[in-house]
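**Q** A single structure is presented below for examination.
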């Protein structure tokens with residue numbers, strides 16, 4: 001007989017996420033961590049995209065500009081999103097506290113099995129996929145420099161000295177670019193894994209709430225008092241979920257708008273680079289992996305954003321599926337008001353304009369294709 005208590009722990013999903021912040025020097029009071037945070041802020045978050053942008057202005061051909069534009073846009077928006085999330089860490093922690101409270105409400109074997117076999121597994125797959133995609137993108141970029149031939153920097157960039165003066169200066173500059181882009185990727189892992197991972201957990205908790213709602217009044221020994229208590233507890237769970245949604249709207253309002261712009265630009269320019277400016281196999285591999293990374297960066301967030309809306313819409317049916325017909329008028333009145341609350345459409349928007357869902361994903365892909373056709377016409 002299995003005597004192990006059935007519990008779910010949403011915070012376990014976020015262990016790797018908080019590790020990213022620790023590696024970047026945040027969420028710690030140690031002096032060395034604060035010093036590391038200062039160094040990364042100056043030389044990576046601020047200076048790294050600036051030196052890439054200045055390098056673009058120094059390029060003389062359209063091909064070189066197109067080659068440098070994807071990573072420049074990616075690093076700029078990585079810093080932009082990282083700053084946005086950094087100022088929202090208190091809200092992110094508040095969301096995690098609400099998740100812990102909702103975890104305590106999942107007591108049945110059915111709820112625990114669903115969360116652990118579906119929600120938790122999918123959320124873990126999300127952050128692992130980002131690590132693989134971004135890691136491969138970084139490795140292919142480094143390989144394109146080390147084995148691609150020539151004496152070129154990792155990316156077109158401006159330095160306040162002659163990079164080609166000596167071998168030592170050149171390789172120090174390349175080392176800075178490799179270290180900088182690796183830390184920028186670490187920042188992007190924190191930026192991009194959080195939205196889809198959290199959306200997945202929210203959708204999972206909405207499904208658990210639907211399970212509890214549909215079971216209200218179905219037990220053979222449930223009294224009117226116990227049934228009413230279960231309804232009030234479910235209403236409180238719904239309130240917490242809506243609070244999480246409001247916090248997510250605040251947290252992702254600006255950062256996800258930057259995400260959509262960055263993805264649209266990068267997908268289109270990367271396609272142009274693959275077709276016209278990739279001059280060796282390493283470059284083709286790099287741009288191909290980079291293109292897949294850009295798609296992966298956007299798709300999970302939009303998919304689980306839509307899933308939240310779908311699961312929220314199912315709550316009304318779950319309430320109706322409960323045993324409400326044998327209850328008194330007071331209970332039915334509360335139930336009816338609760339049903340009306342669940343009819344409201346739930347959607348998280350980027351910039352207060354773009355709903356984070358599959359419609360936005362396909363719109364971004366269409367925008368990228370429009371940029372691509374424009375570039376083809378200007379060729």
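Going from the start of the chain as shown, residues are counted 1 onward.
Just so it is clear, glycine is given a Cβ too, placed from its N, Cα and C backbone atoms.
Take a look at what Swiss-Prot says about it:
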- 1-37: topological domain 'Cytoplasmic' (TOPO_DOM)
- 59-64: topological domain 'Extracellular' (TOPO_DOM)
- 86-129: topological domain 'Cytoplasmic' (TOPO_DOM)
- 151-165: topological domain 'Extracellular' (TOPO_DOM)
- 187-256: topological domain 'Cytoplasmic' (TOPO_DOM)
- 278-281: topological domain 'Extracellular' (TOPO_DOM)
- 303-355: topological domain 'Cytoplasmic' (TOPO_DOM)
- 38-58: transmembrane segment (TRANSMEM)
- 65-85: transmembrane segment (TRANSMEM)
- 130-150: transmembrane segment (TRANSMEM)
- 166-186: transmembrane segment (TRANSMEM)
- 257-277: transmembrane segment (TRANSMEM)
- 282-302: transmembrane segment (TRANSMEM)
- 356-376: transmembrane segment (TRANSMEM)
**Q** So which residues does the transmembrane segment (65-85) touch in its own chain, when a touch means Cβ under 8 Å and the partner is 6 or more beyond its ends?
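**A** Beyond its ends, the transmembrane segment (65-85) has Cβ neighbours at 44-46, 48-49, 52-53, 55-56, 59, 92, 141, 155-157, 181, 184-185, 187-188, 190-192, 194, 251, 254-255, 258-259, 261-262, 265-266, 269-270, 272-273, 276-277, 287, 290, 375.
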**Q** If you average pLDDT over the topological domain 'Cytoplasmic' (303-355), what do you get?
**A** 89
**Q** What is the number of residues in the topological domain 'Cytoplasmic' (86-129) that are helix, strand and coil, as DSSP sees it?
**A** 37 helix, 0 strand, 7 coil
**Q** How many helix, strand and coil residues does the topological domain 'Extracellular' (59-64) contain under DSSP?
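**A** Final tally across the stretch: 3 helix, 0 strand, 3 coil.
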**Q** Of the listed stretches 166-186, 257-277, 282-302, which one has the most C-beta pairs under 8 A with the transmembrane segment (356-376)?
**A** 257-277
**Q** Go through the chain and flag residues at least 6 beyond the ends of the topological domain 'Cytoplasmic' (1-37) whose CB is under 8 A from any CB in it; none is fine as an answer.
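**A** Contacts of the topological domain 'Cytoplasmic' (1-37) (Cβ under 8 Å, skipping residues fewer than 6 from its ends): 86, 89, 96, 99-100, 102-103, 106-109, 111-112, 115-116, 120, 123-124, 127, 183, 186-187, 189-190, 193-194, 197, 201, 205.
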**Q** Hey, which bits of the same chain come close to the topological domain 'Extracellular' (151-165), Cβ under 8 Å, at least six residues off its ends?
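**A** Residues 51-52, 54-59, 64, 67-68, 71-72, 141-142, 145, 173-174, 177-178, 181 contact the topological domain 'Extracellular' (151-165) from elsewhere in the chain.
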**Q** Cβ under 8 Å to the topological domain 'Cytoplasmic' (86-129), counting only same-chain residues 6 or more beyond its ends: which ones?
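**A** Same-chain contacts beyond the flanks: 6-14, 16-17, 21, 26-27, 189, 193-194, 196-198, 200-201, 203-205, 207-208, 211-212, 215, 233, 237, 240-241, 243-244, 247-248, 250-251, 296, 300.
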